[in-house]
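A.B. asks: Feature list, courtesy of Swiss-Prot:
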BINDING   13-19, 41-43, Arg306, 332-334, 415-417  GTP binding site
ACT_SITE  Asp14  active site, proton acceptor
BINDING   Asp14, Glu15, Gly16, Lys17, Asn39, Ala40, Gly41, His42, Thr130, Arg144, Gln225, Thr240, Arg304  IMP binding site
BINDING   Asp14, Gly41  Mg(2+) binding site
ACT_SITE  His42  active site, proton donor
BINDING   Ala300, Val301, Thr302, Gly303, Arg304, Pro305, Arg306  substrate binding site
Amino acid sequence: MGKSVVILGAQWGDEGKGKIVDLLTDRVKYVVRYQGGHNAGHTLIINGEKTVLRLIPSGMLHPNVTCLIGNGVVVSPEALMKEMCELESRGIKVRERLLISEACPLILPYHVAMDHAREAALGKKAIGTTGRGIGPAYEDKVARRGLRVGDLFNKEAFAEKLKNILEYYNFQLVNYYKVEPVDYQKTLDDVMAIADVITGMVADITTILDTARKNGEHILFEGAQGTMLDIDHGTYPYVTSSNTTAGGVATGSGFGPRNLDYVLGIIKAYCTRVGGGPFTTELFDDVGAEIARKGNEFGAVTGRPRRCGWFDAVAIRRAIQLNSISGFCMTKLDVLDGFDEVKICVAYKMPNGEIVEYAPLAAKDWEGVEPIYETLPGWKENTFRITDVNKLPQNCINYIKRIEEVTGVPIDILSTGPDRVETMILRDPFAA
């Protein structure tokens, strides 16, 4: 009997989802993206070769896997073609194995221009977006004015819709933000040049997934960003523009929620965050700098340095509630090698003195929050590339067990290096 497994970030993104998707793809027929856009950077290292996928599902590196882009994903035609060409130049067959929902909203140059203009206007209060037009594209979707992949089938109607929406955007860009307008003809020509390639990959994603389930096929749903960046449940307004939680699978792919069997939450052995917003356990000392250095904490898409801090079990408890997480995969365990002590945030002290065990929702409710830590002995031994759990240092094992205790969720997979072979599967999500 086939299983449907969701892989998603349980923190603020950048947890190492791409590697784990790639690892588990060996046993699936389909890998599905259901939210986000090319603001996601999933880094895979296979046999020492590095690949960063932003829009195409990570299963594309497996020749027997079909990759699906669901309706919840915003698609930049330019970014999609660039990524396809990069993979095809390496001999990977993409367009024969990539299927796209016609309901995917399109990201076009005016979305990018608006994204940049808004961030510049916000100055120090900027959200910290990737500047790739994700938010404005989702806005158009909700406002019911957006262009979608399906619109590319009727080129005359597309041109007319584009003209109207570009007038709307250019009026704001020129008159309010005082920046250059986006050129209509160039935008139209660039999209039309690749329209046939994109429409050639359009398919009924919901029916494909339903048929696969009925045929007993394994399906993997690949999340982007992380739980605490969810548009509804994250640290609003310092969030992304899509539902990064498990509920986004159903709405973003058309797959019935009762058909999901297992939710794997990816967590780092510590915490990181890119951009603005609350981060209770953030470290500003030498320890934080050392974690960033050892963990090579720079964004795969933006190159921005990530903020680093101790493991936050309070935020994770919220992620467990939101996602009904079945088990964790802990990545970058080896980054904590060599520290005299390691810490776990087990509660927050609110400004009024109240002790809470679950993270607040809105960013404003995090102001003045203090972390309450448990301190555990660190380990000096090297855990890098260890693939036998029994060979881990005892203090490392104690740290893992304590995280399981304070969160109430088992750690089913451990990662001790960037390559997919540097992994320990303690409980197989497809057999759970």
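A Cβ is built for glycine as well, from the same backbone N, Cα and C atoms used for every other residue.
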A.B. asks: Asn39, Thr130, Thr416: which of these binding-site residues has the sparsest Cβ neighbourhood within 10 Å?
C.D. replies: Thr130
A.B. asks: Going by Cα-Cα distance, which of the binding-site residues (Asn39, Thr43, Gln225, Pro305, Thr416) sits nearest to the residue listed as 'active site, proton acceptor'?
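C.D. replies: Closest recorded candidate to the residue listed as 'active site, proton acceptor' by Cα: Gln225.
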A.B. asks: Give the sequence-ordered list of residues that share a chain with Gln225 (IMP binding site), lie 6 or more positions from it, and have CB atoms under 8 Å from its CB.
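C.D. replies: Sequence-distant Cβ neighbours: Gly9, Trp12, Gly13, Gln35, Gly36, Asn39, Ala40, Thr240, Ser242, Thr244.
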A.B. asks: Around Gly13 (GTP binding site), how many other C-beta atoms are within 10 angstroms of its C-beta?
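C.D. replies: So the number of other Cβ atoms within 10 Å of Gly13 (GTP binding site) is 27.
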A.B. asks: Report the nearest neighbour of Gly303 (substrate binding site) in space among the binding-site residues Lys19, Gly41, Thr43, Leu333, comparing Cα positions.
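C.D. replies: Checking each of Lys19, Gly41, Thr43, Leu333 against Gly303 (substrate binding site), the shortest Cα distance is to Gly41.
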A.B. asks: How big is the Cα-to-Cα gap, in Å, between Thr416 (GTP binding site) and Arg304 (IMP binding site)?
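C.D. replies: On Cα coordinates alone, these residues lie 23 Å apart.
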A.B. asks: Of Gly16, Lys19, Leu333, which is closest to Pro305 (substrate binding site) if I measure between C-alpha atoms? They're all binding-site residues.
C.D. replies: Gly16
A.B. asks: Among the binding-site residues listed here, Lys19, Arg304, Arg306, whose Cβ has the fewest other Cβ atoms inside 10 Å?
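C.D. replies: Comparing Cβ neighbours within 10 Å for the binding-site residues Lys19, Arg304, Arg306, Arg304 has the fewest.
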A.B. asks: Test of understanding: give the count of other CB atoms lying within 10 angstroms of the CB of Gly303 (substrate binding site).
C.D. replies: 8
A.B. asks: Fewest other CB within 10 angstroms, which one of the binding-site residues Gly41, Thr43, Pro305, Leu333?
C.D. replies: Pro305
A.B. asks: When the Cα-Cα distance from Lys19 (GTP binding site) is computed for each of the binding-site residues Gly41, Thr130, Arg304, Arg306, which gives the smallest value?
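C.D. replies: So, spelling it out, the nearest of the binding-site residues is Gly41.
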A.B. asks: Once near-sequence residues are set aside, which residues in the chain of Gly16 (GTP binding site), 6 or more away, have Cβ atoms under 8 Å from its Cβ?
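C.D. replies: The list for Gly16 (GTP binding site) reads Ile266, Lys268, Cys329, Thr331, Lys332, Ser415, given in order along the sequence.
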A.B. asks: What three-state class does DSSP give Leu333 (GTP binding site)?
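C.D. replies: Looking at the DSSP assignment, Leu333 (GTP binding site) belongs to a helix.
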A.B. asks: Could you check which of the binding-site residues (Thr43, Arg306, Leu333) sits closest to Thr130 (IMP binding site), going Cα to Cα?
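C.D. replies: Given the candidates Thr43, Arg306, Leu333, the nearest one is Arg306.
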A.B. asks: Using the alpha carbons only, what distance in Å do you get between Gly41 (IMP binding site) and Arg306 (substrate binding site) once rounded?
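C.D. replies: Given the Cα positions, Gly41 (IMP binding site) is 14 Å from Arg306 (substrate binding site).
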